[in-house]
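Visitor: Quick one: the structure is below, questions incoming.
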Amino acid sequence: MTPSFDISNKTRDAVAEEAFKEASQPVNTDVFGAEDHHDIKYKRLSWPLVAVLMIAEIVSNGMLSLPYSLATVGMVPGLVIIVFLGVFATYTSWLLVDFKLRHPEVHTMGDAGFIMFGPIGREVLSFGTLCFAIFACGGQLLAGQVALAALSDNKLCLMLYTGIFAVPTLLCSLPRTFHGLGWISVASVLCIFVAGIVGMVGAGKSPDPDRAVRVAVTTDFYTAFVSITNPVFAYAGHFMFFVLMSEMKEPKHAIRAAYTLQSFATVYYAIFAAVMYGFIGSTVSSLAFSSLPPYWAKVSYGIAIPNFLLAGSLYAHTACKVVFVRVFRNSKHLHSHTVLGWGVWVGLVVLANGLAFVLAVGVPIFTYLIGIAASLFAAWFTYGIAGMFWLHDSYHVGAGFSTWQRLWGQTTLAMVTVVSGAFICVAGLWDAHVKSLLHQFKGSRKLNDFSFKDEDVIIMTTETTAFLFFNDVYRSVRERKSRDPSKLFHAAGTS
């Protein structure tokens, strides 16, 4: 809807501001249209259920790396970074929701890219969404692998653990709508919340007597940047906002869900990171639960498994939904129980989960690729691109530079957001991933695909850039004299 104004009695700046405000009002078009007589109804989500889905997807294994971030730079700088990035993510959430309300036809980041950059923008951002979603699903499979290995004392080979975890992940991806996953996500949120509490209790009951907890740590940029990228990718998940909002009964209430998500994530992340680091100290690993005594590690991982599973399903579901809606938009197959519609949907679900599984178990540098994909796309989806949305609409809907000049405060914030996203992308891509990958290739370590040995596996949380070899777990746990590493992670190559 293009706003029209009588500018005879108004200044150019006033017209620009009024045009931008009017364009911010939602119009009566959306992705799925009227669904009263359709077999499959997508727009059934309330804002509380959307908030739960957001929390289930974002607050997952990414939080396990946050204590390691504090160990890298110290308690105070680490907490400041976590809280600041949480507030920053709240601001970018508002920008994303605002953009969606002005453009209800937008279903994915690819659609938004088309509005700003044309066909090339659509393809690039669609590829980024698919790439990050499938890689993130694979990362959740690895998290499930670690959890199952901890629970069973590595009695099976690691690839089998991943396969066992992949089956229910695929099944949970099958519902055609997010509403079909909505109530399962309630249990998922409860599980990750309780798992974190149990982990903190375990750390408090068995603190490391030799722990070193520092207020601040002096280190080099390469090491310190982990303290930024870990929280950045722990907050990653904004690429799902448009897809979820498209299935809401009242999209205008989406900002409530976003505020609920960010408030919960910021507070919970800060408390979890501070408590775990405070009791474990500088030896805390990139997977914080792995630094707990064997009993507490097993309990924490066991409770967290449903969350890892559903988060992986949400990622796979999102990847499938992006392709499915694009192929069948404005078609009967989108809303009806047709053989073609269900056949394509099931095929996409199998393909997405299959790719995630093959990447997770068959690519020896997969965890580095997760980090590279996260730096390339998550940094932009969570932070940088939100500023572009506001700058684009304020310029094209309003009066160009006049709108930017009048709303100079918001313009400055949007530009800072874009620059921040670019910095995190470039610095994270090179410093935290490419250099790490080159370092591994320069070493003598041989990387094998489809490995059955835990020393050949790299484990990395889905949203983070922190990486962890199992021998790093051995090393960090050995430093705690009261621990027996063989009870938690022992060689599994005897199957």
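Each residue, glycine too, has its Cβ placed from N, Cα and C.
Nobody curates TrEMBL annotations by hand; they come from automatic prediction.
Grabbed the feature section from TrEMBL, which reads as follows:
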DOMAIN    44-431  domain 'Amino acid transporter transmembrane'
TRANSMEM  45-64  transmembrane segment
TRANSMEM  76-97  transmembrane segment
TRANSMEM  124-152  transmembrane segment
TRANSMEM  158-174  transmembrane segment
TRANSMEM  181-201  transmembrane segment
TRANSMEM  221-245  transmembrane segment
TRANSMEM  257-279  transmembrane segment
TRANSMEM  299-318  transmembrane segment
TRANSMEM  339-359  transmembrane segment
TRANSMEM  365-391  transmembrane segment
TRANSMEM  412-430  transmembrane segment
TRANSMEM  457-474  transmembrane segment
Visitor: For the transmembrane segment (45-64), which recorded stretch in the set 124-152, 221-245, 257-279, 365-391 gives the largest number of Cβ pairs separated by under 8 Å?
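Guide: Top-ranked stretch among 124-152, 221-245, 257-279, 365-391: 257-279.
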Visitor: Do the transmembrane segment (412-430) and the transmembrane segment (299-318) come close, with at least three CB pairs under 8 A (pairs 6 or more apart in sequence)?
Guide: no
Visitor: Is it true that the transmembrane segment (181-201) and the transmembrane segment (257-279) have 3 or more Cβ pairs under 8 Å, skipping pairs fewer than 6 apart in sequence?
Guide: yes
Visitor: Quick check for me: are there 3+ Cβ pairs below 8 Å between the transmembrane segment (221-245) and the transmembrane segment (76-97), leaving out pairs under 6 residues apart?
Guide: yes
Visitor: Among 76-97, 124-152, 299-318, 339-359, which stretch has the most Cβ pairs under 8 Å to the transmembrane segment (257-279)?
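Guide: Most Cβ pairs under 8 Å with the transmembrane segment (257-279) come from 76-97.
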Visitor: Where else in the chain does the transmembrane segment (299-318) make close Cβ contacts, counting only residues six or more beyond its ends and a cut-off under 8 Å?
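Guide: Residues packing against the transmembrane segment (299-318) from afar: 53, 56-57, 60-61, 129, 133-134, 136-137, 140-141, 143-144, 146-148, 150-151, 165, 168-170, 172-173, 175, 178, 181, 184-185, 187-189, 191-192, 194-196, 198-199, 202, 239-240, 243, 289, 292, 349, 352-353, 356, 462.
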